[in-house]
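**Q** Sharing the feature lines straight out of Swiss-Prot:
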- 27, 34, 139, 344: substrate binding site (BINDING)
- 114, 115, 187, 212, 213, 214, 215, 232, 233, 234, 235: pyridoxal 5'-phosphate binding site (BINDING)
- 235: N6-(pyridoxal phosphate)lysine (MOD_RES)
């Protein structure tokens, strides 16, 4: 008698989960409530969080929260439709204009998330017969968009300008169009791409460049501006959503061609209003933006690590189980520093990803550094 489909599906899932358990790679949801500043309650335990991407502490800023409340009261909870039907509410137009101005571009387009932005932009611009050159450590959503595009895709070694130039010299003439993908700040390593130099190579070989600025906006100082500047509203801006800034013709094309924009509901008014308020605070309070990097550098100096380039500092551990054990030991001491394991990072490079916020106190940073030293996790 054949096995009912639901039973075979459950058996498949159970076998896969057993494999993940054996490798220390199973993921679990843990209830976590932010309680003010950099503090949180994690599964009932009070902790200082060093795993939150709210780099400027704006998610709970009174002006940001008030803007979200006002939009909620005026426009309701949801946008009511896709952007091309009824979901393009007035706050989105304001937000897009502010993002474009911040990035020095003519226009911007807000997506449902940063992941959706990368998922939609690349396939809308390149396809079969074209070439994509992507940094090997590019975010998962950059790779997902690359695969959807159907173009020939070649990774270049991380931040290796020589390798990128070699690939362009060898492959560019075979393709109609070429697109280079990189991140301004790499999310798991915290290092920065040589954007100006990449743009120079792009000009020399008639290639376009998309820079993912998800972890840079509002945290690291401006550098060269790419023709395609993508980012998120969920990190330094403390809200939710994604965006692309570009020329007006490119934005107009994406409005019609980016499937992850066309076929999804518009961002809720409250999320857009919160992001807009946060963006205005960043413009008005430049000192706030300098604090996460300063704290990150204080931390790396105390641990003898290479000087931080961003608000993200990796503490490399190696194997997944060891990273999990170190994370648990820190949590027992009152610090939330989540272990990052494959496939998010390459095998053998499991780590603690330490994220710094303007909401952290220097004493909290020093205490975390000392805890890591006490646990033998740093030099």
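Glycine is treated like the rest: Cβ placed from N, Cα and C.
Can you walk me through where each of these features ends up in the structure?
**A** Annotation for residue 344 (substrate binding site): same-chain Cβ neighbours under 8 Å, separated by at least 6 residues, are 140, 188.
In the three-state DSSP scheme, residue 235 (pyridoxal 5'-phosphate binding site) is classed as coil.
Listed in sequence order, 53, 54, 55, 214, 215, 217, 218 are the same-chain residues at least 6 apart in sequence whose CB falls under 8 Å from the CB of residue 235 (pyridoxal 5'-phosphate binding site).
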**Q** Cα distance, residue 233 (pyridoxal 5'-phosphate binding site) to residue 27 (substrate binding site), nearest Å?
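**A** Each residue's Cα considered, residue 27 (substrate binding site) and residue 233 (pyridoxal 5'-phosphate binding site) end up 25 Å apart.
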**Q** Could you check which of the binding-site residues (114, 187, 213, 233) sits closest to residue 34 (substrate binding site), going Cα to Cα?
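**A** Result for residue 34 (substrate binding site): the nearest of the binding-site residues is 233.
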**Q** Just going by other Cβ atoms within 10 Å, which of the binding-site residues 27, 34, 139, 215 has the emptiest spot?
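**A** Sparsest of the binding-site residues 27, 34, 139, 215 by Cβ contacts within 10 Å: 27.
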**Q** Within its own chain, what residues at least 6 apart in sequence put their Cβ under 8 Å from the Cβ of residue 213 (pyridoxal 5'-phosphate binding site), listed in sequence order?
**A** 183, 184, 185, 229, 230, 231
**Q** How big is the gap, in Å, between the Cα of residue 139 (substrate binding site) and that of residue 187 (pyridoxal 5'-phosphate binding site), rounded to a whole number?
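**A** If we compare the Cα positions of residue 139 (substrate binding site) and residue 187 (pyridoxal 5'-phosphate binding site), the gap is 8 Å.
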